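**Student:** To start, I am sharing the structure in question, which I have written as structure tokens.
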Amino acid sequence: MKLITILLLCSRLLPSLAQEEGAQELNCNDETVFQAVDTALKKYNAELESGNQFVLYRVTEGTKKDGAETLYSFKYQIKEGNCSVQSGLTWQDCDFKDAEEAATGECTTTLGKKENKFSVATQICNITPGKGPKKTEEDLCVGCFQPIPMDSSDLKPVLKHAVEHFNNNTKHTHLFALREVKSAHSQVVAGMNYKIIYSIVQTNCSKEDFPSLREDCVPLPYGDHGECTGHTHVDIHNTIAGFSQSCDLYPGDDLFELLPKNCRGCPREIPVDSPELKEALGHSIAQLNAQHNHIFYFKIDTVKKATSQVVAGVIYVIEFIARETNCSKQSKTELTADCETKHLGQSLNCNANVYMRPWENKVVPTVRCQALDMMISRPPGFSPFRLVRVQETKEGTTRLLNSCEYKGRLSKARAGPAPDHQAEASTVTP
């Protein structure tokens, strides 16, 4: 009897002991659960070449691990929807396909998050086909989008146009270059339609100094990057007659890539206590106090990271923490050395970009800050999930899991009024 009790206890403890050290479990009411899984599922659907999109069914596991970069890990279940991958709809616009014919699957994904944007690092989905009839060659859609080689010469003018369109229609300070083509499809019409998914990366060429992308513009390992989906129509005269593009842009990630040696024009790290930063920091805090409507001045407390980049001048990129001082804007016209930080004053995490051309006495500072203690609050019941207890059996061991079931859509088999149920604050994992 004691042996049985010990075995039962171990079966409950093993899942939690196996959990990655330092990982924090997430609950269904945490808005990052939906944001992260939505990003992962949209990426999976975007990479499908044919068939229907998949719709989120439930999230069964979710953890967050803080470090130099915050990493999120999820396991979620999906079901085939009734919207094709070429429909232009998102998975949230689709309903579940009839249960008998629908494919199902489970995905395991890891995401990074920086400046409130998620990016998928890894993702594996195992799909179980439905019981519906299999498509034959005769069933293939004539005139529908078909996959084409990603290195096709037909794509070169289309991709060149896509990158030029991005550079000409965004407010980013630098030009971007093509990094990689991820998928490409074509459709025969009166001419040709192309749908291409591709990634772009920031170069060292600023728009102020370079009117267009050149061959000597170098992609920056520290630079911003993005993923785009472009739709292009090439008419019968082989002219681009229509184009649309949507891009998700992510801030640069310098955690895993080192700068190449002898990279002219690339940013270089400089010590946070370097005298070289003194002038740039002065412009940064002056800009912060000018644009911030707080009644007290802020001063720089800690410099966390800094880089400089030689262009037509110098660009300093600095991350620092600013703290509220005891000097009010009513009593002083500017921040002075005798202003002291308040012990319980507000703290800001700031990112500054300071462009300096000393021979012209030109300084262009840009500062973005966020309160360190800023918390996003939501009304109760806003979560798109409801808590569901799910029984799982693996290798002879049965356990109950708290899963977050998506309540945005109902399959036809479960059609009817949605229950008036508020998501409970419970963790996703056991």
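Yeah, the Cβs are placed from backbone N, Cα and C, and that goes for glycine too.
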**Student:** Any idea which of 91-110, 151-170, 331-350, 411-430 is down as region 'Disordered' in Swiss-Prot?
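**Tutor:** That would be 411-430, the stretch labelled region 'Disordered' in Swiss-Prot.
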**Student:** For CYS217, what is the disulfide-bonded cysteine listed in Swiss-Prot, choosing from CYS205, CYS228?
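**Tutor:** Going by Swiss-Prot, CYS217 is disulfide-bonded to CYS205.
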**Student:** Could you tell me which of CYS228, CYS263, CYS266 is bonded to CYS247 by a disulfide, according to Swiss-Prot?
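**Tutor:** Here Swiss-Prot pairs CYS247 in a disulfide with CYS228.
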**Student:** Do you know which of ASN82, ASN126 is annotated N-linked glycosylation site by Swiss-Prot?
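**Tutor:** That would be ASN82, per the N-linked glycosylation site annotation in Swiss-Prot.
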**Student:** Could you check what DSSP calls CYS94 (disulfide bond) once collapsed to helix, strand or coil?
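**Tutor:** Coil, per DSSP.
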**Student:** Count, for each of the disulfide-bonded residues CYS83, CYS125, the other C-beta atoms lying within 10 angstroms of its own C-beta, and report the residue with the smallest count.
**Tutor:** CYS125
**Student:** Let's check the environment of CYS205 (disulfide bond): how many other CB atoms sit within 10 Å of its CB?
**Tutor:** 23
**Student:** Which of these disulfide-bonded residues is closest to CYS228 (disulfide bond) if you go by CA atoms: CYS125, CYS327, CYS369?
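**Tutor:** Ranked by Cα distance from CYS228 (disulfide bond), first place goes to CYS125.
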**Student:** Whole-number answer please: how many Å between the C-alpha atoms of CYS217 (disulfide bond) and CYS94 (disulfide bond)?
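**Tutor:** A Cα-Cα distance of 42 Å.
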**Student:** Taking only the residues in the domain 'Cystatin kininogen-type 3' (272-375), give me the average pLDDT of this model.
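**Tutor:** Residues in the domain 'Cystatin kininogen-type 3' (272-375) carry a mean pLDDT of 85 in this prediction.
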